[in-house]
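Taken from TrEMBL as is:
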| type | residues | note |
| --- | --- | --- |
| DOMAIN | 21-183 | domain 'Reticulon' |
| TRANSMEM | 31-47 | transmembrane segment |
| TRANSMEM | 54-73 | transmembrane segment |
| TRANSMEM | 131-157 | transmembrane segment |
Amino acid sequence: MGDSVSSTRVSVHQSLGGGSVADLLLWRNRTGAAILLVSSTGFWFLFERAGYNLLSFVSNVLLLLVAILFLWAKSATVLNRPLPPVPNMEIPEEFAIKAADDLRVWINHVLSIASDITIARNPIRLLQVSFALLAISYVGTLINSLTLVYIGVLLSLSCPIVYEEYQDHIDDKLSSTSKFVRSVSRKFPMPANKEKKHQ
């Protein structure tokens, strides 16, 4: 039985897309994961603990970059050196179309949830959305958004590797918890869905 389960199981690397992002999250690209961890920790410390402002940080970085490029270009003409290698800074049309398509899918999903609540009058969907928004609001009162993003980065760098290491144990515990929740939920009567007749 265990062999058939393990043969049909999709690896964590494949479920994360199997590309460079999966390598990063599973620490197979150790350099990239370490850079992500150190840079996110540095940004969190800079903005959260040191009290630096994001707008002034971006402004100062751009000012430094423009000054370096200007001085490099001026010195290159004086010293007969090549100009700084500035890449072609424009967004490709394919990227913009793909981003717009992805955004359209998310917007349509949100609109279908709103339609399900308002037009179909689905009380379960209303409770799900209300609970999610209340949870987000409560977490927002406890933690600011930058710390929440930093916690998300830390969890994304730690949870996949822990799950890959202890996948069998975690799956067993989740399966037994799911069976317990189903057995408890069967004891409560579910309301029957009665369609209203429109005249």
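Placement of Cβ uses the backbone N, Cα and C atoms for every residue, glycine included.
Automatic prediction, not curation, is the source of TrEMBL annotations.
Residues 20, 23-25, 53-54, 57, 146-147, 150, 153-154, 157 of the same chain lie 6 or more positions beyond the ends of the transmembrane segment (31-47) yet place their CB under 8 Å from a CB of it. Away from its own ends, the transmembrane segment (54-73) comes close to residues 46-47, 83-84, 86 of its chain (Cβ-Cβ under 8 Å, at least six residues beyond either end).
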